[in-house]
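Notes follow once the structure below has been shown.
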Amino acid sequence: MPRPILARIHPDSVRHNLQLAKESAPNSRVWAVVKANAYGHGIERIYPALSKADGIALLDLDEAVRVRELGWTKPVLLLEGVFEPRDVEIADAHRLTVAVHCDEQLDLLTAAKPSRPIDIQLKMNSGMNRLGYRPGAYVQAWQRAREMAAIGEIGLMSHFANADDGAIDWQVDEFDAATKDLPGTRSLSNSAAVLWHPQAHRDWVRPGTILYGASPTGSVRHVTGFPLRAAMSLTSKIIGVQTLAPSETIGYGRTFQTEREMRIGVVACGYADGYPRHAPTGTPIAVDGIRTRIVGRVSMDMLTVDLTPCPAAGIGSRVELWGDQVKVDEVAEASGTIGYELMCALARRVPVEIDDASRLGESNDMRRTLVA
Ligand SMILES: *Cc1c(COP(=O)(O)O)cnc(C)c1O
């Protein structure tokens, strides 16, 4: 028998969360962001849930080609654009829209001879200071792009540094001032701006993390007004039980000491599965549907839980590491990170099942892809 750990992907939840994003930005088209293999969920697994999106945005050419091979005919956006001449050929062959954030990328497009003009999203660095043209250089870059035969439509795009904690108007103002005389669609908003900054919604929004049910701030309390559903649940089972006397310790480093007699459950899940090793004593977890806490240090293949709130639990009891009962954000926050990182870091050795595969496959082809 394989270890009892299992990640279950819920495409219906992605569909629900996408709908929520659309309702939050009702006048905008939606790029569904599926970079990093759909934030660890698997592009093929959630693809059927994206049918109402207007475009799909990602980073890797390989992922873009996979999306086309699944049959997606609407736009596909490469969020970091192209890196070498070969990329332009692939973008041309698969009708990809490419972000352009620097002159070197315009040079690549100048040198290329695509079969038809390639649509671009011209990226402005409005204050994030990662990728993009400075506001003062933006119009000139736009003019250069506009004169190039290889370029079709030019969308105007920027990205927020702190849409999750309030102030974004300084970036919106930079963007608006530098683009006021330019035609073209505008795209600014990540998940946080979709939820909280309607003034930034514009023509296209780009939600990522909320599609998967995680909070843009990394904290569940910030999304209590939005009934997001977890797109991934990570479950396992209790594989051992120890009854400890007062003053005994648990696991490596002996970081947790009992104050009284205590039943401890051993769960088949550790950091080699993607559970954060930094999760401290007290991190929430659910056993047989009852919330409790982990105790002691997370080891490679196992972690230990306090069975005090669930005295009926024993070997074989079902454990939810994260999902709809214990949000991935709760585990992340306790561990000093954000849900994004935990979802993306699910380890390859964890078996993955699709929740409603039977309802998804319209064709056998698709079903084959989904189970591959
Ligand atoms: C990742 C990314 C997004 C989505 O961000 P979320 O916070 O996950 O919604 C949007 N735009 C760009 C350019 C990105 O890189």
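Just so it is clear, glycine is given a Cβ too, placed from its N, Cα and C backbone atoms.
According to TrEMBL, the feature N6-(pyridoxal phosphate)lysine maps to Lys35. The Cβ of Lys35 (N6-(pyridoxal phosphate)lysine) has Ala57, Leu58, Leu59, Asp60, Glu63, Leu79, Gly208 as same-chain neighbours under 8 Å, each 6 or more residues away in sequence.
According to TrEMBL, the feature active site, proton acceptor maps to Lys35 (among others).
Positions annotated as substrate binding site by TrEMBL: Arg130, Met300. Its Cβ placed at the centre, Met300 (substrate binding site) has 12 other Cβ atoms within 10 Å. DSSP classifies Met300 (substrate binding site) as coil under the three-state reduction.
A mean pLDDT of 97 is what the model gives for the domain 'Alanine racemase C-terminal' (231-355). The domain 'Alanine racemase C-terminal' feature in TrEMBL is assigned to 231-355.
As annotated by TrEMBL, active site, proton acceptor applies to Tyr252 (among others). DSSP assigns Tyr252 (active site, proton acceptor) to a helical segment in the three-state reduction. All protein chains included, Tyr252 (active site, proton acceptor) registers 11 other Cβ atoms within 10 Å of its own Cβ.
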(message) Whole-number answer please: how many Å between the C-alpha atoms of Tyr252 (active site, proton acceptor) and Met300 (substrate binding site)?
(response) 11
(message) Validating a neighbour-count step here. Other CB atoms within 10 A of the CB of Arg130 (substrate binding site): how many?
(response) 10
(request) Give the helix, strand or coil assignment DSSP yields for Arg130 (substrate binding site). (result) coil
